[in-house]
Amino acid sequence: HHPRATESATKYFLTQATASALLLFSTTMNAWMTGEWTIVNMNSYTPTTILTIALAIKLGIAPFHLWLPDVLQGLDMMTCLILSTWQKLAPMALLILTSHQLNTNLLTLMALASAIMGGWGALNQTQMRKIMAYSSIAHLGWMTLVISFAPGLALLNLMIYLLMTSSMFMMLMTMNATNMNKLSISWLKTPTLAASMMAGLLSLGGLPPLS
């Protein structure tokens, strides 16, 4: 219905197709080396590195994060909600499944880059969808950092992230707020919802007493 939405769809399709191709390439390479199609015991360095990069592209972890803010900005709030929550489940499941054999140094490096880029990128934004996209990048960074040491903790973090992000997007949909200006005048229309949103934002940021 809109050129911006078409652009978002195209960008999303191209990045996900690239990541899926890399994923298939890494599993094929692993099958060639080991003689079996399972990915839970990948012993070789190259397939595990390619698998890590493929999942990072799929999730939008830095330095493969640039597609996510652009794609979210062109979509409506409901689609943004699905893209930020439901679409993260399959790559995260693969990441948790293979976490014990992935390249820890590469994961740590990407996680730190995500945390930095997520925080730094959101500073300059006025659009709520872009801010939520950068929030997603930062949160995924922390999950990636923890995943190779304690997958259970990363899973707990994912659940909390999904809950917080879903509630944030639902509040934004109710207020019909797409940027900071609309958000700042929402206090006059729905004071309770505005207060709830403030609590939600503090919770996403992990500030006490909501940490």
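Placement of Cβ uses the backbone N, Cα and C atoms for every residue, glycine included.
Looking at 12-33, 144-165, the stretch flagged in TrEMBL as transmembrane segment turns out to be 12-33. The transmembrane segment annotation in TrEMBL falls on one of the ranges 166-186, 187-207, namely 187-207.
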